There are 6 protein chains.
Amino acid sequence: MASSACILAISLLALVVFIALASDQSPIQDFCVANNGSTVLLNGLTCKDPKEVVADDFSFSGLHLAANTSNALGCHVTPVTPSEMPGLNTLGLSIVRIDYAPQGLNPLHTHPRASEILVVLEGSLEVGFITSFPENRHIGKVLQKGDAFVFPVGLVHYQRNPGPTNAVAIAALSSQNPGVIIVANAVFGSIPNISSNILEKSFQINKKAIGYLQTKF
Amino acid sequence: MASSACILAISLLALVVFIALASDQSPIQDFCVANNGSTVLLNGLTCKDPKEVVADDFSFSGLHLAANTSNALGCHVTPVTPSEMPGLNTLGLSIVRIDYAPQGLNPLHTHPRASEILVVLEGSLEVGFITSFPENRHIGKVLQKGDAFVFPVGLVHYQRNPGPTNAVAIAALSSQNPGVIIVANAVFGSIPNISSNILEKSFQINKKAIGYLQTKF
Amino acid sequence: MASSACILAISLLALVVFIALASDQSPIQDFCVANNGSTVLLNGLTCKDPKEVVADDFSFSGLHLAANTSNALGCHVTPVTPSEMPGLNTLGLSIVRIDYAPQGLNPLHTHPRASEILVVLEGSLEVGFITSFPENRHIGKVLQKGDAFVFPVGLVHYQRNPGPTNAVAIAALSSQNPGVIIVANAVFGSIPNISSNILEKSFQINKKAIGYLQTKF
Amino acid sequence: MASSACILAISLLALVVFIALASDQSPIQDFCVANNGSTVLLNGLTCKDPKEVVADDFSFSGLHLAANTSNALGCHVTPVTPSEMPGLNTLGLSIVRIDYAPQGLNPLHTHPRASEILVVLEGSLEVGFITSFPENRHIGKVLQKGDAFVFPVGLVHYQRNPGPTNAVAIAALSSQNPGVIIVANAVFGSIPNISSNILEKSFQINKKAIGYLQTKF
Amino acid sequence: MASSACILAISLLALVVFIALASDQSPIQDFCVANNGSTVLLNGLTCKDPKEVVADDFSFSGLHLAANTSNALGCHVTPVTPSEMPGLNTLGLSIVRIDYAPQGLNPLHTHPRASEILVVLEGSLEVGFITSFPENRHIGKVLQKGDAFVFPVGLVHYQRNPGPTNAVAIAALSSQNPGVIIVANAVFGSIPNISSNILEKSFQINKKAIGYLQTKF
Amino acid sequence: MASSACILAISLLALVVFIALASDQSPIQDFCVANNGSTVLLNGLTCKDPKEVVADDFSFSGLHLAANTSNALGCHVTPVTPSEMPGLNTLGLSIVRIDYAPQGLNPLHTHPRASEILVVLEGSLEVGFITSFPENRHIGKVLQKGDAFVFPVGLVHYQRNPGPTNAVAIAALSSQNPGVIIVANAVFGSIPNISSNILEKSFQINKKAIGYLQTKF
């Protein structure tokens, strides 16, 4: 996974989390450690026998390691969800480490099921989100090392490293399976494509421009 | 409001709903009719005295009337939320009527707080949504009169009238304040603008194209 | 199903929904399309593999068709729940079409798990509900075509077509499995019967009247 | 209150609870002791300053006292809700003591917002509820001293003292404001009355019988 | 079970409930009677086929019987959870009977998933809880027969019989699986032990005292 | 605040959060920025006018700064809750930075309203929690830089720096107002004291030992 791009890594986050399914209801037991091999699929994850639970079910290693950001976006996301830490199942939380090359971008995206608090560990980040009410207001800021920022659930947001050096952040999300929708990929890279007359009218651009954009995603 | 466009009308939906605030927690009383003039703002709406409630608090008129769709998108949304029907407060539901001119489009958008079931009353509609997992799968269909379709919460979706005649739909949403994020407006029409280097890299297009798009929204 | 009565159709709604089970918790995935054949019964429905999901899982046809209302009540309910539209599972919504003959009645009933917004598509309807606080207040109104009305969760309510022509409504409910309790059937038509001394005292009528009513349901 | 009937006492329960409003969301503080005099009405109750809270806010006395059951139903309900025990606010629970004279009846009713566990302290009770699925099944039993029974939320249920001596029960409910809908009162005793043609068709009885029943409630 | 101690009985409560698993989400059906033999473990319990449900699934007997309190604490807890009453599954409630010998103590403990209302049926009880905000405030009172008291969810609390005679209480809890953490047992009796330098510093006592305490639990 | 101890800082967390009140229900708006000066106290926080919201409402600075750990426990907690970051209100998340001197201890405590994921940024940490089922099982591990660990909601847990150098962690919590109960302080340091015969029997130690412990907290 070392050379994967930010977009790809985020997508994998979605994938591995779903295989584990997930449940953000309140826990009814002390814990419900994910039984990742189960064939019963539901709105949440089946559990291991609680008597067979071990400390490693609740832990994960490697968040101090820089990821490879040599990809088009200059960004890499390392997720910690029930796939990586089965004990998270039913607890309503997950975290990620994000690495940014200089000028690296975590592109415009939303999490349909989680708010996110981000803490800058190294470097600086230009961050922002767009509100639905007041309509289309852009709330943004440049963060320095040690700064924290919160992105409310469901809103379009981004982070960009404006600096000359690498940046690193840890972000906590309020769901074990936040989901991620990268705007450009969803709109111009879906399979099958959204028909061009819908894209033309939504973005008020012509068919040729649409075709160009679709080759990119 | 007769000549407003689909985008404008949707935006108004967001606006009026918020002024009324909202609460999608479970009701703790039979009802909590919205006290729309209250100055106390909270995660939900304050209530009128239950002894002063009347039948009109629970009703709304005019959903049989065709709206004016002579705007750029050929689409108009008429909302029924606690602003229009105060009795909806705390009940976790709202509805809209949507009118589509021939080729009219309800452009790519998400509702951060609601799933939506749509029923086609007149004409036909080409509808679809994009999933986050499996990644960027486009699930779409052409609906005829009498068909219903559901758009899961938080996913990017659209409706388009492919036909030669007007189309009309009723849609129910699973929140009294679903919110709406129109992708193109949020991305290219925010105030202030998202910086062009973020848009360029997110959409992999050049600065001139970004500038062009920003003039449109 | 063409000749079934309103009561019967409503009961079928309860039946088919339950076989599909249901879950009104928040979704933890984009969707959890109902696996209607599953033998695992829980508080909610197991899902199909998300990779095998198709657009038809999210759609349903036929809501433009008039149902046969030639039954004792002059009323027919056509449900759209996860049994008919598997994609509704976990999304917290369902809809119904209701047909009313002239003088047709959707009799006194409650939904234990959903509020309901009703929109009159054709004809007129006399509607109302009874509150628990203020105690036993009747809130009612005559609706015309294009009017909407909301019935809060758990309260006894009814709709009646007072007019000389057929009436049609679409109603949205805030649960995928709202449940329905028709007051007269629950009270006088249960199996086994509620003992007559309980009914006599509850309704302050004599044994003979109870016996008469029990033959009706 | 000594001579009030079971129906009246239950109604008072609804009344006092509502004045206190209520909130069955999860608590966000250790406690939110009801500020019963507040003029701000919402989906839940405003709180006292936590520094002014005292032990009496969390307690209530007198549940060992027999209530007067000399009324038409031979039944009396003594509620403990946030009106009587302000510390219950936000905690999602309430309790009642119920006294039954010989042959006393707690008539057919539902709680729209709570399940109920009942424990028989003295005497015996014939209890039951009617399910919505399987349709209109009557599940009932005679309980003896020391027996417990649960009535699921929203279902029609009753308790009757079949014995020659008084009976006493304690019941816990899963909401601070369960609400109560007494079937006969809601149907035949609402203000204003439900129109007779709705009642006639719902219960399949004639106008004269309806008029007779309406004089009773 | 007759001679078991209060601590042991409480622990059994935790055990049996978990085997049954549990679900405090809202019910989506009328009921979901626990299928206690199921091998599918999840955040909540699988259900029996609703057509095979019987009245005994909703009932439990024996709460009038005094338990044996001849143990070190002079206290015994008799639980009623989905293990004992399968119909409780998904309904968000459970109850217990507690017997106290003279000077008997239900020692300092918390319920991580439930608030608790206690009613004194016989004797008197000295009760209290400690708040987290205001910090470490002790709110306590002596209760007499017929008094009720509420312990908010998650807070450390106790009950002690100060009197010369036995005491008996019924308590309702706002979860089908409240869980119980007895402070002394968790801290000094865990398997394996918490390391002594953590206990020494947490309690500011020396290693020998820690060793002594660990032999007790 | 520079010289405050871990216990004190944690307590302040509880205090400041409460003044801000809190709400972990789902948001009904894009955001509900805390109106920290409001006199209306409820189960959640009132909001600022959304039109007056600024980027600083969503940010906080200084998490890169080492705190002073020269106190009895060698530990300091820096909270980020709605008091410090008003935009967190209604979003169900908070974070803390924790500094540990060599041998520093975050003593045995529970969070009644949140699970917690901790990431070690510097040094190493010995961590663990005690389960309620299986009964009193101790699940613990030594974490190194870059390791993450999750503590389930409501369970007793601790972190200790076993190393010769300082340790630093960031922890995310699944509530905006997690609350904290430090076991030793709650038990031996409450105001007023828990009576000694309750403590003696709970901990099976004599009155003199209790008196000694109470002087410590």
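Please read every residue number as a count from 1 along the shown chain.
Cβ atoms are placed via backbone N, Cα and C, with glycine included.
Out of E:Cys32, E:Cys75, the record in TrEMBL bonds E:Cys47 through a disulfide to E:Cys32. In TrEMBL, the Mn(2+) site is described by E:His109, E:His111, E:Glu116, and among E:His76, E:His157 the residue recorded at this site is E:His157. Of E:Cys32, E:Cys47, E:Glu116, all annotated as recorded positions, the residue with the shortest Cα distance to E:His109 (Mn(2+) binding site) is E:Glu116. Confidence across the domain 'Cupin type-1' (E:61-211), taken as the mean pLDDT and rounded to a whole number, stands at 96. DSSP assigns E:Cys32 (disulfide bond) to coil in the three-state reduction, outside any helix or strand.
Using a cut-off of under 8 A between C-beta atoms, none of the binding-site residues E:Asn106, E:His109, E:His111, E:Glu116, E:His157 neighbours chain C. The Mn(2+) site is set by E:His109, E:His111, E:Glu116, E:His157; from the centre of their CB atoms, other residues of the chain with a CB within 8 Å are E:Thr110, E:Ala114, E:Phe129, E:Phe151, E:Leu155, E:Val156, E:Pro178, E:Val180. A distance of 10 Å separates the Cα atom of E:His157 (Mn(2+) binding site) from that of E:Glu116 (oxalate binding site). The oxalate site, placed at the center of the C-beta atoms of E:Asn106, E:His111, E:Glu116, has further neighbours from the same chain whose C-beta lies within 8 angstroms: E:Val96, E:His109, E:Thr110, E:Ala114, E:Leu118, E:Phe151, E:His157, E:Gln159, E:Ala171, E:Leu173, E:Pro178, E:Val180.
Its own atom aside, the Cβ of E:His111 (oxalate binding site) has 26 Cβ atoms within 10 angstroms in the protein chains shown. For the disulfide-bonded residues E:Cys32, E:Cys47, the ranking by surrounding Cβ atoms (within 10 Å, all protein chains) places E:Cys32 first.
When the binding-site residues E:Asn106, E:His111, E:Glu116 are screened for a Cα within 10 A of the Cα of E:Cys47 (disulfide bond), none qualifies.
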